[in-house]
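Some features that TrEMBL has for this protein:
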type   : residues : note
DOMAIN : 3-38     : domain 'RNase H type-1'
DOMAIN : 133-189  : domain 'Integrase zinc-binding'
């Protein structure tokens, strides 16, 4: 009570006239009702009373008030946001040490203005937009997207609505698109996406042993049976190799290899020097092709 008395005497000096009057208990109906309110659920009067809970005394000494203020300012350590360098430059003229960063900050700060401690972005044909921090930006997006109106619009439409409401931050469009993608009602009731998840690629149908390539290799070192040439056939798909040794290129057994027996299509080829050593008549090649 000593603190309250000291505070009362301090406030009395500010008035020209002060009168202290005692009100009897029988006449002080409001104080009586307040005293009974904790134990009674009914109130005879029709006036609404608001209860306030005080966690600490309403009157403190100057030392305690100074200590509380110091604790509040020392405990605050705000995380730097995108508005911090702009506000520091507009308010105090603070610039980064790097010359390039300082020049960028000057050019960027020309688009903003500081009014009563709040940062606003200027527009060409629109009113000034209030700049908000990331924490408040999330609240603004959710309130417009799924707040009282519960519109659940698309990402670009949501970003435009935020601008029309007078708010701005650099990652507005990106945050709006991200919120719509993560919104459960938007995903459940949105239109079906018929686009493939990945780019379409052509797939070759496997056709083994459908096309073969055949060539004659030689002249090779003479082997057993006087064999000096080799006729080779390779499958285009599986790279399967069929080979048959020959004594002479023009012998009749060249049309009896494994490919001709199965009537498979063959593409013939020959090297640049093979034509000079080739003694197979053209009619024999035509006959072999007709047989296949």
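A Cβ is built for glycine as well, from the same backbone N, Cα and C atoms used for every other residue.
Caution: TrEMBL annotation is automatic and unverified by curators.
Secondary structure of the domain 'RNase H type-1' (3-38) per DSSP, as helix, strand and coil residue counts: 18 helix, 0 strand, 18 coil.
In terms of DSSP helix, strand and coil, the domain 'Integrase zinc-binding' (133-189) has 40 helix, 2 strand, 15 coil.
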